[in-house]
Amino acid sequence: MSRVSSKLFAVVGLLFVASGMSGLVFEVIWVRYLTLVVGHTTFAVSLVVSSFLAGLVLGSLWIGRLADRLQRPLLVYGLLEGATAVLALGVTWVLSRLPELLDAVGLAGGGPLPVRGVLSFLAVLPPTFAMGGTLPVLTRFIARELEGLGRSFGVLYALNTLGAVLGCGVAGFYLIGAVGLWRTAVIAAVLNGLIGVVVAVLHSRLPAQTLPAATITAAAAESPSTFNRTKSQLLVAAFALCGFGSISYEVLWFRVLSTVLDSSTYAFTILLVTFLLGLVLGGLLYSLRLAGRGRELELFVAVESLLAFTGLISMALLGLSRPVERLLTTQLSGWGPQAPYVGMLLHAALVILIPASLIGIIFPLVVQLTTRHVASAASNVGLLYSVNTLGGIVGSLLMGFVLVPTIGTQWSFVLVCALNMALALGVQALDASAQPRARRSMWAGAVLLAVGVLLVPRDLLVRGFAEHVDSRVLFVKEGIDGSLAVLEYDNQTVCDSGRYACGPGCRERSFRHQQLLFGSVSYANTVLPRKRYMATLAHLPMLLHSGPREVLQVCFGTGSTAGSFASYPELRSLTIVDTNPDVLLAAPHFAEHNHHVAQDPRTHVVFNDGRHFLLAAAGRQFDVISFEPPPPRSAGVVNLYTTEFYRLVKQRLAPGGILSQWIPLEQQPDNLTRGMITSLLEAFSEVTLWIPSDYEAILVASDRPLTVDWARWQQEWAKPSVERSLADVGFTSPYGLLGTYVAGTEALRRYAQGYPAMTDDHPRVEYFLFNSDRPFHPEELLAVGEPLGARLAPAEGLEAQRLAREREANQHVLESTRFKMDRDWEAARASVEQARAAVGDNTFLTFLRELELDCLRPTERAP
């Protein structure tokens, strides 16, 4: 039987690139849709990804067994691609409507975690089963003789993985941001369908051939790749452990790099692209340079031992991530808007690319080693793919949920490196032809690896994560969801966000504040402007509501917002929902600001994704629901800013209930802020916007008119705990808080007119590269602002002129924000002086004048 011609192989290979591309696109889309139902906690996301992989395992194993008997494998491959197109698009349609379907059958939120796991698995099983069968079926098509099997399979594997690289990059950087999830799925399905059609046409033009049932050439019979059954089974088991180690490395690399790169979807896309690209390079390296040289066992031993050393080196490089990041930022400073992403790619490549390339060599190498008969190549590939993927599933779950939280990231790295070296030594023991000198060299290498482990500082990765300029570490915890730290600064003021730095002639001040850091994201800090908006997030809905008793707060942070809620004696229940249990462990470090709210008997803490909690909370209603999630551009956070989410919130609010939501004005382009307002306006009939701090806004929404009951405001303000909470952030009277009002429903409609809403299908805020980079302009919002008078119920004793002065002062503060954005510091200082002239001094204005404007000078902001 002749080999597949090079032209035919090239055509099939290109089709398999397209197949890998569409498969990865569907995985990204299904993970997004399913996490809307099962939740966005680490457990839930792991369940979804494991369900996808499990479907591939079953398809590869079952179809691989059948593939050995196929006489027309190319035609079957085309049918599988066509089936994938239909099934994948159908599953995507179902997933896009899954919340409503589950709610209709009484399974809102998907039920308990095991039920959600089964649901995820069953949902994606049909198309992933078909996807899993494509690799063994194509192996049947290309496997004509045993000698070149590893080489041809390596090219096929590399091409399919290259497709995954392209799919990840195109979906992550272009398609979803440009056209949304559903249209992206349609494009991927059309691609699968076209592959099926092209393959069918190609098959019809090929002469009929009969594939061999079982022929082993003389050369193959003498090849060291022909093992007895026992050795082959041991190698298959070793390959399962290789899968465990490979995915463990991926988890660890991503976990540590996410603490220095940003938290956006683009950062994750770059990390995944880099890892997959390493697999591509490894597959090609084996096929083009290493295959066919004989002594494959020696090559396996060498690759695994090198992987152990390069894994350890990658860990050491991760410990230097912050200096590397600063160096890349400096060197790429003139590259424009793309500089951060080029820097991320180079940083990821430095750490990941070489060990990932070594991982990419293993699969085609083991295929060559364990395939004892060309006629059984397809089933062997299916078996190897299955055990390797199962090992990867176990590795990701065990590493993320057990090992890292128990022994830490650094010792988890050491464990995986030791596994690589153990595999090298174990497989070498199978090689009867290995020379004593080679065996001694391997044991010497193992000793050298152990010495290297001992030389690495034990706190290398923890220190690298928590290392920030002029700070000291108060608390560090490596948990299931990631690494959390509490940092304290003594001689920094508002440098927490990198906006400013002390300049020449700056008066020396000691300004102590703490920062809560999760990965690369600053969750919160105790600088006064940040504390001010956190307090306002609680006080506004509590004062605008006629008598709130049941409150839900999503995201705990430092606990400052929760502490403000708890300052109201009449509050009966405060439910706090957060995905990360470790924030409660960090809470004592912010006790001065949260007043030990976690120990308040009225407080009930639930560890869950906020959206999933609301989905599953059918029948429960709250008077106030407040949201203070991480920055909206962080991966997954957009789920708390879409129209569909706001409609869900509305269902969980009691009649007259109020929602309050934080909007970071400076951290995102202007059009995204307007889009968020559009989303809220589509769900609620009444929306108001308040700006209590220079860079932070609060949206307050309800299904009933939001009016100010002046008598109630005064009554509540007179309570000592409420008064202290507000005075702590610069509100010395109700007038000051009312003065932060900017706009109501109709004014916001004008402001957001023409800007599309955030939706589950089109999460624009997460894919922000497709949005204008035009910054927020305070004067445009002030231009549509409206008087508060219409929202004031008939009030006795209200001093209209005093309220007008407070609003004037707040407008001057917003004007100073614009001037600071333009780096016009004299104008900014003048605006703050005008605010002080209108209302006198308070804690907040003193901070702005003395600490921001007198003492600080601008530095370049990151783009």
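Every residue, even glycine, has its Cβ placed from backbone N, Cα and C.
Here's what TrEMBL has on this protein:
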DOMAIN    8-435  domain 'Major facilitator superfamily (MFS) profile'
DOMAIN    459-718  domain 'PABS'
TRANSMEM  43-62  transmembrane segment
TRANSMEM  74-95  transmembrane segment
TRANSMEM  115-143  transmembrane segment
TRANSMEM  155-176  transmembrane segment
TRANSMEM  182-202  transmembrane segment
TRANSMEM  234-254  transmembrane segment
TRANSMEM  266-287  transmembrane segment
TRANSMEM  299-321  transmembrane segment
TRANSMEM  341-369  transmembrane segment
TRANSMEM  381-404  transmembrane segment
TRANSMEM  410-430  transmembrane segment
TRANSMEM  442-461  transmembrane segment
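When Cβ-Cβ distances under 8 Å to the transmembrane segment (74-95) are tallied for each of 182-202, 234-254, 266-287, 381-404, the top count falls to 182-202. As a quick check, the transmembrane segment (115-143) and the transmembrane segment (266-287) miss the bar of 3 or more Cβ pairs under 8 A, pairs 6 or more apart, so the two do not touch. Against the transmembrane segment (234-254), stretch 341-369 shows more Cβ pairs under 8 Å than any other of 182-202, 299-321, 341-369, 442-461.
Over the domain 'Major facilitator superfamily (MFS) profile' (8-435) the predicted model carries a mean pLDDT of 90.
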